[in-house]
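Working notes for the structure below.
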Amino acid sequence: MAPISRETDFLVIGGGSGGIATARAAAGKYGIKSMVVEGKRLGGTCVNVGCVPKKVTFYAALVAETIHQAKDYGFSVEQTAPFDWPTFKQKRDAYVARLNGIYERNLANDKVEYVHGWAKLLSPNSVEVTLDDGTKSVVNAKKILIAVGGNPTIPPHIPGSEYGTNSDGFFDIDTLPKKVALVGAGYIAVEFAGMLNALGVETHLFIRHDTFLRSFDPMIQQVSVKEYERIGVKVHKKSQLTSVQKDAAGKLAINFKEGEGEQSISDVDHLIWAVGRTPAVEGLGLDKAGVKTNEKGYIEVDEYQNTSTENIYAVGDVCGQVELTPVAIAAGRKLAARLFGPEEFRTLKLNYDNVPSVVFAHPEIGSIGLTEPEAVAKYGAENLKIYKSSFTAMYYAMMKPEDKAPTAYKLICAGPEEKVVGLHIIGLGSGEILQGFGVAVNMGATKADFDNCVAIHPTSAEELVTLK
């Protein structure tokens with residue numbers, strides 16, 4: 001490996017989506033001498049243990065569902081048994097490895113210096129980099145970006161919790177399990193539960209309340225929980241794990257409270273914790289540079305991604321704002337433009353309102369803007385008009401009633417002009433549907449604008465422009 005530079009204009013700590021996007025914009029677009037330091041694989045959580053391998057697994061689950069449904073369309077298709085998880089995992093891992101290589105080549109193409117190692121702040125303008133061979137180098141930088149992301153957590157207070165794995169460990173599972181327990185009520189737990197269930201795994205999902213995805217609109221919560229129970233996910237409501245035991249064969253016994261009673265399930269192959277993430281700031285030397293964090297350990301930033309220390313910035317999950325890959329990328333690119341671009345970009349910043357988000361559940365969920373309770377709190381119920389529709393997508397027309405998944409849409413409109421301030425959808429294709437409607441909501445579209453768009457028939461999405 002060539003010696004690393006001792007001086008740079010822009011040093012990025014963290015080679016995930018946000019860090020790489022910012023460094024590439026700085027170097028490739030504005031000609032700034034830039035360096036990225038990353039101790040793991042390039043691409044961060046999203047590429048390696050998040051969005052990308054998760055979506056590939058989601059597609060595998062969709063194929064399994066399609067095979068099951070094929071007979072309703074006249075195909076005599078046998079379920080391929082057993083599902084070849086090892087081959088699937090090998091191909092998924094190879095795809096991720098290709099992306100790692102693409103990220104590295106993209107950095108090289110934009111003339112960003114990439115250093116595989118661990119960075120630690122020594123001062124507001126200097127960083128100690130520990131390379132793979134243990135040697136250390138000090139790099140002085142005019143500006144520093146912290147984009148180190150976060151790590152999934154495992155609760156330490158539950159006896160035997162260490163026998164479980166976190167969401168990262170899910171992608172290391174070598175064989176398709178027969179029985180899995182997941183703990184959590186957010187994106188990750190819900191997505192994993194849906195995928196595993198579709199692949200034929202007995203799936204237990206432990207949640208603390210009556211619904212999951214509790215930051216989403218109540219309609220989404222209610223419809224999705226009911227559907228998960230219908231398709232066979234064992235949702236343990238108002239539950240709390242009390243202990244975990246592991247037998248000589250490696251099987252787990254999960255002890256838990258559900259409602260008022262004590263219960264347990266045995267012969268569990270994997271326990272997956274999906275109970276939140278913490279910022280990856282340990283050992284980063286934030287105190288040496290005077291970078292402040294909040295009570296949860298997230299780096300404090302203002303609306304321009306400035307930290308408490310001049311010339312040190314932060315983007316992505318380490319800030320604890322909207323923890324989504326495209327948000328980190330967008331914030332990073334705007335930061336690069338503000339710092340290194342022309343004068344008219346000096347006040348550029350990311351607007352964190354109306355960020356679209358999708359849960360690759362079964363069925364998919366899409367959401368942008370305010371939930372109904374949030375809209376009531378902001379505008380008052382008397383100033384809102386709520387449009388709702390529930391129906392069965394045409395895809396299910398050939399199937400028996402008990403095999404039909406739901407579709408439910410909601411538009412939340414505010415004021416006399418009926419500006420669309422919230423849009424929430426659950427049903428087939430919601431992830432793809434939401435992107436275009438997200439543009440409309442961000443442009444300030446009204447209900448009349450939606451109505452004036454000619455429907456595309458027959459589609460599920462046409463319902464959003466024909467709501468009454």
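Including glycine, each Cβ sits where the backbone N, Cα and C put it.
Per Swiss-Prot, glutathione binding site is recorded for Ser17, Arg24, Tyr103, Arg333, Lys410, and the stated evidence type is similarity to another entry. Under the heading FAD binding site, Swiss-Prot lists Ser17, Gly18, Glu38, Thr45, Cys46, Lys54, Ala119, Asp317, Thr325, His457, citing similarity to another entry as support. What Swiss-Prot records for Cys46-Cys51 is disulfide bond, and it gives similarity to another entry as the kind of evidence. What Swiss-Prot lists as NADP(+) binding site is Ala185, Ile188, Glu191, Arg208, Arg214, Gly276, Glu323, Val358. As annotated by Swiss-Prot, active site, proton acceptor applies to His457.
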* Asked: In terms of DSSP three-state secondary structure, what is the assignment for Gly276 (NADP(+) binding site)?
  -> coil
* Chain-internal residues near Arg214 (NADP(+) binding site), provided their CB is under 8 angstroms and they sit 6+ positions away -> Ala185, Gln221
* Relative to the Cβ of Ile188 (NADP(+) binding site), which residues of the same chain, six or more apart in sequence, are found under 8 Å away? -> Pro152, Ser167, Ala274
* How many Å lie between the Cα of Lys410 (glutathione binding site) and the Cα of Val358 (NADP(+) binding site)? -> 15
* To do: By CA-CA distance, flag whichever of Cys46, Cys51, Ala119, Arg208, His457 among the recorded positions is nearest to Tyr103 (glutathione binding site).
  => Cys46
* Asked: Using a Cβ-Cβ cut-off under 8 angstroms and a sequence gap of six or more, which residues of the chain neighbour Glu38 (FAD binding site)?
  -> Gly14, Gly15, Gly16, Gly19, Tyr114, Val115, His116, Gly117
* For the NADP(+) site made of Ala185, Ile188, Glu191, Arg208, Arg214, Gly276, Glu323, Val358, how many Å separate the two farthest Cα atoms? -> 22
* Structure fact -> Given the recorded positions Cys51, Ala119, Ala185, the candidate whose Cβ has the fewest other Cβ atoms within 10 Å is Cys51
* Site extent for glutathione, whole Å (max Cα pair distance, Ser17, Arg24, Tyr103, Arg333, Lys410) -> 39
* Looking at Cβ-Cβ distances, which residues of the chain lie under 8 angstroms from Arg24 (glutathione binding site) while being 6 or more apart from it? -> Asn106, Leu107, Asp110, Val112
* CB neighbours of Arg208 (NADP(+) binding site) within 10 A? -> 15
